[in-house]
Amino acid sequence: MESNLENFVISPTENSVSPPSRKRQKTFDKDGDQCDDASHQIVIYKNDKSDRGQDEQSGSHFSLEPLKPSKTSKRASVKIGAFAAQCAKCQKWRLISTKEKYEEIRERIREDPFVCEKAREWKPDVTCNDPSDVSQDGSKLWAIDKPDIAQAPQGWERLIKIRGEGSTKFADVYYRSPTGVQLRSTNEVEKYLAEHPEYIAQGVELSHFSFKSPAPLKKDYVRKRSQTSQSGVTHTGSSNLLQLEEVQPISWAAPPENNKQMVIYNEDQPEVVPSELREPTRPGSPPPAPAV
DNA sequence: GCCACCGGTGGC
DNA sequence: GCCACCGGTGGC
């Protein structure tokens, strides 16, 4: 499946990954600074305390790999169950086939907004007339992802670890090097690359890393603040991305190509739903249909 | 003993 | 006020 995606190019817009300048924090988040308005990507997570199995989303497809045996996981962690992007035209959500594809879309979401047609790569006949693949539901934890995050370099993996509810932070972002070393900050990456010039030789650079973590839509998920975070959400003309998290890893252990089955409907917490999520608001369009 | 996770804060 | 960074530690 993922064959061509020529759709992903073009439209010079504003930002692009700005070169890292600083050392400490904010190394290169300057670029995305405003993006937070959630106007671009969304992620959905689900808390799953019972199985504290795995710690992060798996590499490809959104298969949540079965609980990791060893110490990879310690406490209850949330897993990302699925990814979705919002069509910039009809505002409906389309599940994205794989994490890779999702990251690919996210990388250029601003300059190259996602539209339903792009989903045809894995969902052949989809059009803006089809009902949304997903809609927010109370059983899942939704979060807004940041736009324009570069794809992890070849062999590297970007991991998002959602913290439990009530934590002071929503999630932590890590990068796992080809040799399995986990890096948790730009500084660490910089240092690591300096010690491993072979990666630099391969073209790996700091701008390929971003430790921006998604933000929960559920305002009280994080202990402090987070309510004001995404206030002025707007999405005019742009598209969003989202990821779904699932409760029981097993239930959709490996939905091959159809990811829609993992979505469960239920609109129970309207207030939590920021405008971008109620996309199906466009005039004349029916509410999103359950994907299951 | 190791490391994944969490808390806290310094700096913007 | 927000967020990037990192130290500490509890669970394995």
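Backbone N, Cα and C atoms are what each Cβ position is placed from, and that goes for glycine too.
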Region 'Disordered' per TrEMBL: which of the ranges A:88-128, A:252-292 is that? A:252-292
Averaging the per-residue pLDDT over the domain 'CW-type' (A:77-136), what integer do you get? 85
